[in-house]
Structure formats: structure tokens, C-alpha cells
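Peer 1: Below is a structure I'd like to ask you about.
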Amino acid sequence: MQRVGVIDLSPFGKFNIKGQDSTRLLDHLFANVIPKVGFTNISHMLTPKGRVYAELTVSHQSPGEFLLITGSGSELHDLRWIEEEAVKGEYDVEIKNVTDEVGVLGVAGPHARKVLQKLTSEDLSDDVFKFLQTKSLKVSNIPVTAIRISYTGELGWELYHRREDSVALYNAIMDAGQEEGIDNFGTYAMNALRLEKAFRAWGSEMNCDTNPLEAGLEYFVKLNKPADFIGKQALKQIKAEGLKRRLVCLTLATDDVDPEGNESIWHKGKVVGNTTSGSYSYSIQKSLAFAYVPIELSKVGQQVEVELLGKHYPAIIIQEPLVLTEPTRNRLQKKGGKDKI
């Protein structure tokens, strides 16, 4: 991204969870640690067999009170699991589905801070409003819960607000961003950006048939945390036995056709795997895809073929991410390092 854009993320599933057992319940549900108050993280719920049941954003709003966010198609899928576990374990919690009453606008891009700073008295500087931090503030005098996070991997905030304020908030942001060249963007653009940053998507790179280790989600799985979260013992066994396949990132040499997912991966005349997601990368002017391949074919530099519309195209496994996320670039710049791109 070169300027700044706005995307409507209101279809996200959103749940408020509070009560004296809320932290204990979430520690049981999620493989990641629980974020401290005022911060957010990405967490995964696993099945008893150690597969990825769901991926959610967990935001610790105040002591014992959490906002959980999931994809638009996963609202009831995830809510049912959370509610069943709460009842089964007799946890003293209150769970409320606020999906329909809370709107979400995502503001992302290099000029996101500059645009939003015009609309709030809250200091949005990097040292004060840190990556993954969450704060209650007013944007154009509209109350919002702001989380510094973006699925694009760029500088950005998600602004959670009353649904009836959505139009006024959107108009205020668009008016404030005229000098910065603000524009709307949608899910196709976001998909291309998240692929460049090597962000996984539930339902594509991970689902109930994949484990988080083969999906490259080790960073989010804390096998050493004290809580015996669902799937922990099964995942320990999977790790001990070793992986049979691995998710990799590919670049393809194509002719006006891009992968979308579920295309066959070929090697030496045999189908050895499949793509999970794909798009065109405007950063390198090439097609980009995620794919599962056997562990012996998962090394960087390995050449394979991807079948698109009946034709085989050469592809090569690359080191991910193709483009560093904004927080990583920021840290490297402070240390005197250089970006990948």
C-alpha cells in the first residue's frame, strides 16, 4: 500500500466475554497465551486431535473482559464451540454475541496515522499507541474501540463502534483523508496484501483437517503454557512424531492467470500437493500462492509445477514473507536494518 484505504469489516463475528472465570475459560480454549489488559493477539482454538478449529483475535479490554473477533463466515461456528465449552466446564462467564450491533471500519496504509490523528485528541504515535494495543477513544467525536492491527500487514487500525455511527464515522474518515489520497479497498486487495505478508486464512491454509505446526503457526501455539488447552497433548504427540507435509509460499510464472486455491501441485509427473490461496502480487509483479507439499519438497528454492486451467506453470518455493509487515519494518529501521522490499 502506498497511501491509505478504508474497508468495511462489519461482517466480522464479535463476542463479548466477561465474568470471574473468563480468563480461565479462554486459557482453556486457546493455544496462545492470554494478552495482558489493553492488548490484543491472534489465537487459535484446536480440536481434541490438535487440528485448527478456529482463528480469532482476542482483545483484553479490561480486567476479565474480552472482545473476541472472528471472520464473517465463522460467527456461529466459533460461538457454538465457545458456549459449549463454557457450559461443559461450568465456567462462570457471560457470553454475548454483539456482531449485529457493532460495526467495524479498517483504516490501513502508510498515511493511516496521519488521517486518523486529524480526528482524535488521542496520541496515535508509535511509542504511545503500540502495535496490537487497544484503546477506547473518540474519532470525530464518535466513541470507538480502536485496535492497532490490520490484516493487510500495513500500519492500520480497526475501529469498533455502534452500528448506527458507521456512516458518520466513514464520512469523517474519508473527508479527513482527501489530502492523503484516501480510497476504498475490498477483500480481493486485502487478500493480495495478506498473502505478501504470509498471513494465513482460516478455511484455506488452516481448518479442522490441518494442525497448526504444518500450517506454520508455531509462533501462536504455546505448548509450554501452564494451561492444558484443548488439543495440547495431541499436538505434543504430532510434534514428537514429525510433520509429513508443510505449508509453503510459491511464486509462479504465469500468463494472465492467477491461482485462487485448490489447484494441483505437480512434481516429476505426480500430484504431490495443492494450493490453498493465491493472488497477483503487485510488489513483485508475479503470481503468488500458498500450498501444502510433502516435507521433503518444502525447502526454499524447490521447483514444482502448478496446474491452472489445464496447463502446468513453473513455480518456486520462496522464503516468506515476501514483504515484511509494517511493525517489523519499523523495528528494523530503528535498528538500522533494511526492508526486504
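Start at 1 and count along the chain as shown; that gives each residue its number.
Cβ from N, Cα, C; glycine included.
Unlike curated records, TrEMBL annotations are generated automatically.
This is the feature table in TrEMBL:
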- E158: substrate binding site (BINDING)
- 2-225: domain 'GCVT N-terminal' (DOMAIN)
- 245-323: domain 'Aminomethyltransferase C-terminal' (DOMAIN)
Peer 1: What three-state class does DSSP give the residue listed as 'substrate binding site'?
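Peer 2: It is in a strand.
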Peer 1: Sequence gap of 6 or more, Cβ distance under 8 Å: name the residues on the same chain that satisfy this around E158 (substrate binding site), in order along the sequence.
Peer 2: L9, V104, L105, G106, A146, I147, I149, S150
Peer 1: So, by DSSP, how many helix, strand and coil residues make up the domain 'Aminomethyltransferase C-terminal' (245-323)?
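Peer 2: Counting residues per DSSP class in the domain 'Aminomethyltransferase C-terminal' (245-323), I get 3 helix, 47 strand, 29 coil.
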